[in-house]
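Working notes for the structure below.
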């Protein structure tokens, strides 16, 4: 049955307008993005097929061009639209943490850092530099490593923090393996960074480890 033949309350577009995007399933949201299905399959049917083929929403969203276009019903035009949508989402979150914005929402910080790091195939270590009033100065990626390591030097981080006149930092790095549980090495480098920055009265407020669908906070664990 085509979507236009469904009861109005069950159609993805009408459902979104009535209840908001958060009320829709992954398949329904993807169906709106796809707009149309293929012969014998509605857009929602196709969306469900694609989620099954990719193994979920995240692998679909992070697929490269070749993998994306290998599925029936997708192509370069859809890939371009998807990449543009994802980048708009990242930039929207980034705009909420522009220079001078005060950090009033831990959830927003977590979402922003996740959007910047979770999709990366390599490990990256980043920092959010803040002034003494915890207003954003700058977000920077400090190092990029292999799939299992990233080099971070406390002396260089301290020098950068002083150059930006930062009063506090929030660190974040991703685990491409998808497991967000911090390693012993993660805890050691965080302590070294905290000790080095503490010599200049610069506080480390938190360190987030970003995994697949999970983010671990050092502050929430009582490690900072």
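Backbone N, Cα and C atoms are what each Cβ position is placed from, and that goes for glycine too.
Summarising the annotation, Swiss-Prot assigns domain 'MPN' to 102-224 and lists sequence analysis as the type of evidence.
Tertiary proximity for the motif 'JAMM motif' (173-186) is limited to same-chain residues at least six positions away from its ends with a CB under 8 Å from its CB atoms, namely 117-118, 120-126, 147, 150, 207-216, 218, 221. For 173-186, the entry in Swiss-Prot reads motif 'JAMM motif'.
What Swiss-Prot lists as Zn(2+) binding site is 173, 175, 186. Counting every protein chain shown, the number of other Cβ atoms lying within 10 Å of the Cβ of residue 173 (Zn(2+) binding site) is 26.
Long-range Cβ proximity for residue 186 (Zn(2+) binding site), meaning a same-chain Cβ under 8 A and a gap of 6 or more residues, is found for 173, 207, 209. Mean model confidence of the domain 'MPN' (102-224) amounts to 89 (pLDDT, 0 to 100 scale). Residue counts for the motif 'JAMM motif' (173-186) under DSSP (helix as H, G, I; strand as E, B; rest coil) come to 3 helix, 2 strand, 9 coil.
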